[in-house]
Amino acid sequence: MLSPLEKIDKAIRATDLDALACRHSANQANYITPQDPFIEPLILSYKSNLQYCSGYTNLSAGRTLRSVFGERKLPLINRGTYLRTKLIDQVTEEFIKQFDVCQILSLGGGSDTRGFRFLEKFERVIYHEIDFPESTKIKKVAILRNEKLKSIVESQGESVDITSKEQFQQLSPNLHTKRYHLQSYDLRKLSSGLTSEDVIPLLKHFDSSLPTLVLSECVLCYASPSENEEIIKFWKHQCRGLVSFLIYEPMSLNDSFGATMTKNLLQRGINLQTFNELPDLNSRLVFLSDICGLSHIKLTNMSDVGGYVIYSSSKKPWIEVSDMKRINKLEFIDEVEEIKLLFEHYCLCYAESSPGDITFEGVNEVRWESDDWS
Amino acid sequence: MSRYDELPWKFEPRPSTSQRLNIHTSPNTNARTIQNIKQCKHIPEADVEELCSKVIELLIQEANIQHVDTPVTICGDIHGQLHDLLTLFKTGGECPGTQYLFLGDFVDRGFYSLESFLLLVALKVRYPDRITLVRGNHESRQITTVYGFYDECVRKYGSVNVWRYCCEVFDYLSLGAIVGGKGGVFCIHGGLSPDIETVDQIRILDRKQEVPHEGGMCDLLWSDPEDVQGWAISPRGAGFLFGENEVNTFLHHNNILLIARAHQLVMEGYKEMFNQGLVTVWLAPNYCYRCGNIASVLTIDDDLNREYKVFEAATQDVGAIPSKKPAVEYFI
């Protein structure tokens with residue numbers, strides 16, 4: 001039996017399955033071009049190993065996987081998944097292009113494939129991923145069982161075949177190569193007054209002299225605002241040079257959609273802790289600047305990214321017109337109002353800290369809703 | 001115009017159409033079916049087939065633009081939210097006591113598309129002169145395969161037959177209605193079309209087909225009003241966006257007081273635009289069990305006055321969401 005806290009963590013880890021299923025669906029529906037070949041090995045790893053994760057049995061894992069991957073995703077989910085993936089990719093790519101030798105740190109990325117795509121494309125980037133041990137194990141097995149992934153992360157590790165809960169438990173959750181670091185860690189621990197020894201695993205492979213981009217895609221929202229603060233400040237203090245944060249997550253806007261979302265997600269055991277505490281772009285600005293001490297803050301909501309807000313702005317749109325036309329043709333859209341409503345409740349926030357003059361110029365390449373703060 | 005259009009409105013004798021068409025429905029059987037649908041009981045496939053063929057016999061006689069007398073209650077998208085439809089009948093009055101005009105999008109998205117549609121069809125068969133059904137963009141084979149109705153039918157019956165019967169009914173639904181005759185209210189699911197200037201042009205369309213991807217019939221079911229000049233491309237991928245001038249011109253040319261349409265989610269239940277020349281009414285409260293919106297219906301009385309009734313979702317009803325529900329979708 002799981003304790004109440006373990007149940008909450010299980011529900012949080014399960015959100016990675018949702019995200020993976022969404023990416024799989026957007027991939028199948030041809031939103032993602034060229035197709036993402038790394039989604040499949042991750043699904044395979046879940047299919048063989050979810051049963052060994054805590055709180056699952058063979059039966060319940062099978063049921064969960066069937067319901068997550070068996071259902072068709074709505075066009076608005078495909079579209080939102082594509083937009084978010086595309087624009088975080090875009091910002092990440094600009095960062096790598098500007099700094100060349102740099103590191104990307106993905107917090108709670110779960111089965112996200114961005115790391116593989118960027119390691120393959122850029123030879124000098126270093127990619128870190130930190131997540132719960134069970135999540136990193138799923139990813140590690142996926143990598144070790146797939147020759148392409150193994151060569152991308154430059155791992156010499158042996159393929160593993162897990163056949164029991166014990167074996168899964170004993171598997172080391174970490175994988176470190178020259179350019180790729182998969183590290184298990186519960187980031188929420190950072191707020192509990194850790195000693196320097198407690199954070200050794202986090203910093204052992206971390207090069208504090210490199211320009212660093214920290215990504216959080218629907219991750220920090222599961223931690224409390226004070227944990228958010230500690231996590232952000234921790235990485236801020238580790239970096240001697242530029243550290244940038246790119247955060248994507250839902251916000252309640254204090255409206256009836258937000259209230260309904262809180263209720264619906266609570267039914268699944270998911271408590272979005274920043275959702276109501278940081279309900280809109282303005283509160284996030286205050287949080288990032290005043291509380292976390294970051295600068296060059298830029299914010300937008302996904303409705304703007306998707307072009308659902310009509311602007312007079314002369315800045316370049318997030319998504320090129322030709323690409324919007326392409327995805328508009330893929331599937332009929334049922335309710336534009338609904339898309340606007342859902343996407344308005346997701347924000348993308350950029351903020352940075354730099355002791356020197358170095359700043360991430362590339363982030364100005366795209367249009368932010370609020371970009372006059374620095 | 002069909003002869004049905006020219007008939008003066010008569011409440012008695014109610015089953016006149018059925019008699020003319022030689023339909024032998026036992027009112028008892030039909031009443032029982034209506035009760036069963038309301039309780040979400042399984043309706044045998046053969047009964048669905050029979051209901052569908054009966055309603056087609058009625059709809060085939062109807063004009064593309066139906067004439068509807070006042071007073072009438074105009075309702076927007078239901079999208080399978082059966083329990084909210086039942087709430088509407090409880091608060092707005094049962095059919096046939098209250099006359100209803102439904103502006104399409106009966107199916108897809110909600111958990112009870114089939115029951116919602118069958119209930120309306122059964123009411124139409126029982127009280128053909130007290131309920132008018134207009135086609136929405138979701139009453140289409142292509143859209144229902146993406147947005148849930150197809151999957152729901154296959155889940156409930158293990159085959160595509162029931163979905164096929166319903167889709168056949170879709171092809172016979174009217175494209176719109178005029179409430180109160182000349183100077184009255186033009187009712188449509190979506191909106192205007194650059195290909196259509198007069199209501200008479202709609203009357204001569206061949207509607208008995210799958211909704212096309214473009215052209216007048218498509219636009220009537222897909223277009224949206226927006227603050228644009230002239231016509232603009234719709235982000236939905238079909239239909240157009242049309243502005244105030246287009247609405248004013250259409251009202252003037254066709255001697256119409258108001259365009260009442262549905263198709264767009266309105267958080268407040270309804271929204272008047274363009275100097276009250278157009279209104280959007282939306283029926284599904286807390287749309288998709290996610291949007292947190294309220295719902296409304298519009299009643300047009302004999303003097304063409306408008307009365308909006310707003311109501312909230314029937315969430316207290318445990319049956320509103322089935323226990324084995326598909327997950328409500330967010331990005332998490």
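Each Cβ is built from the backbone N, Cα and C atoms, and glycine gets one as well.
The S-adenosyl-L-methionine binding site annotation in TrEMBL covers A:R84, A:G108, A:D186, A:L187, A:E217. All protein chains considered, the CB of A:R84 (S-adenosyl-L-methionine binding site) has 24 other CB atoms within 10 Å.
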Given binding-site residues A:G108, A:D186, A:L187, A:E217, which are under 8 Å from chain B when comparing Cβ atoms?
none
Give the residue from the binding-site residues A:D186, A:E217 that has the most other Cβ atoms within 10 Å of its Cβ, counting over every protein chain displayed.
A:E217
